[in-house]
Amino acid sequence: MTTIAIFTKNVLLAIAFALFAQGAAIPDPAKRDDNPGFVALDFEVTRKPLDVNATSELSKRSSPSSPLYFEGPSYGIRVSVGSNKQEQQVVLDTGSSDFWVVDSSASCQKGNCKQYGTFDPHSSTSFKSLGSSFRSIGYGDKSSSIGTWGQDTIYLGGTSITNQRFADVTSTSVNQGILGVGRVETESANPPYDNVPITLKKQGKIKTNAYSLYLNSPGAATGTIIFGGVDNAKYSGKLIEEPLVSDRYLAVNLKSLNYNGDNSNAGFGVVVDSGTTISYLPDSIVNDLANKVGAYLEPVGLGNELYFIDCNANPQGSASFTFDNGAKITVPLSEFVLQSTANACVWGLQSSDRQNVPPILGDNFLRHAYAFQLDKETVLSRSGEVHFCLKCFSNLETSIVWKAFFYNRYIQ
C-alpha cells in the first residue's frame, strides 16, 4: 500500500556480497552466533482477481483524485502479540510504516476483519496503553482504521522485540491488520516513533535497518522477507546500490526503459511499493508499449480509462528498467498480463498521467528487484540469474555468509 505524496523507498542496488571472490571462508554453522544479524520470515501470498470497479489503492494518503482500485495479491506474515502470544496474520506493506492489529471486539465495517486473528489487550499482562488515538492514513477507496496506540512484546518467528509501539484497531473497513515497514516519515503519528524495523535494530536483533523482499514467481504461494540481510541464493553477480530520491518514500530514479530493442528515456523518480499490484509510468512510455503488445484503452466508469489486453495474449520479450547507477532489472512482458474481474485481462503497466498518480513500480517489477536499506537510503537490486541452491544468508552490515542449515529447502 502506498502513499501518494512522494512515493519512495530506500533503494539499494547493492555492492557485491561476494566473499568468495575475496577469498573469505564461510563460517561453520555449528559455531554460528545466536544472533547472526538478520531475521528471516516467510509470508503467505493471497491472490484475488484484479477488481476494476472501485477507487484505487494508489489514491491513498491524500491523493487529489481517485484512480481505479486493483485488489491483487497480498502478503501475509504471521506475528504474535503480547505476553500470551496472540497470533495474527498481517499484511506486509513496504509503502506504509505503522503496525496495527485488529482488536478482539472490533467493529468490521467491511468483510470479516477478524478472520486472520485478533488481539485482546486485556489478556496480555505486558500490554501498556499509550492513551492516544490512532487513525490510519487515509485511503482513496474510503477504507480506514481507528483505534488506540499501545505497546507490547511482538514475536516475529523465533525473534521477539519488547515495548513495540503499535495500534490496537477497534473499527476498520480493512480486512486485515498491517505490518508497515516503510520509512518513519509516512507514519500516522506525530512526532514519528520507532517502527518495527528500527526496533529490530535498536534491540540488537539485526545489525542494520534494511530488509530484502523476495516475492517469488507470479504463481507462488509464499515469499520471504529478511530483515537485516539478503539471501545469496536469490541473485548472482553483485547487488548495485541506487540512492533514494525522496526524503519521505521509497523511490529511485528511472533512467530508461527498453522493450525488445526499443528504448524510451525516462529521467524521473519512481516509487517502489509492494502494496501496489501493477506499475504506473507516464503516457509517453506506456502508450507506445501498449500499442506494440496489442493492449487497448477501455472506459471503466467514473471518467477513468484503463489498458486491457486479451487474456490469451502472450507478448514475447521483456522490458528492461535501467537506473542511475547502472542497475538493470528485466521483467518478461508476459508478467504484465493480469487476470481481472472484467471480461478481459488488465495490462499491468498503466498510465500514471491518466490515473493522476506518481510513477510507481509495483509487484510485477518488485518481484525482480531485491533489497531495501533504510539506514543508507538506498535500494539493492539483484543482477544476473537466480540459481538453485540452499538458501545462504548474508548479514547486510558485515557481509558474512552463513549457510542456513536451519532453512534448508531448495528454491523452487
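Using N, Cα and C of the backbone, Cβ positions are placed for all residues, glycine too.
Database features, via Swiss-Prot:
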type	residues	note
SIGNAL	1-25	signal peptide
CARBOHYD	N53	N-linked glycosylation site
DOMAIN	75-383	domain 'Peptidase A1'
DISULFID	C108-C113	disulfide bond
DISULFID	C311-C345	disulfide bond
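Swiss-Prot feature annotations superimposed on the structure.
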residue: C108; record: disulfide bond; DSSP class: strand
residue: C113; record: disulfide bond; DSSP class: coil
residue: C311; record: disulfide bond; DSSP class: coil
residue: C345; record: disulfide bond; DSSP class: strand
Query: Which Cβ among the disulfide-bonded residues (C311, C345) has the fewest C-beta neighbours inside 10 Å?
result: C311
Message: Give me the long-range Cβ neighbours of C108 (disulfide bond): same chain, 6+ apart, Cβ under 8 Å, in sequence order.
response: K114, T172, S173
Task: Provide the number of Cβ atoms within 10 Å of the Cβ of C113 (disulfide bond), excluding the reference atom itself.
output: 22
- request: Quick one: pull the CA-CA distance for C113 (disulfide bond) versus C311 (disulfide bond), whole Å only.
  value: 32
Task: Please work out the mean pLDDT for the residues of the domain 'Peptidase A1' (75-383).
output: 85
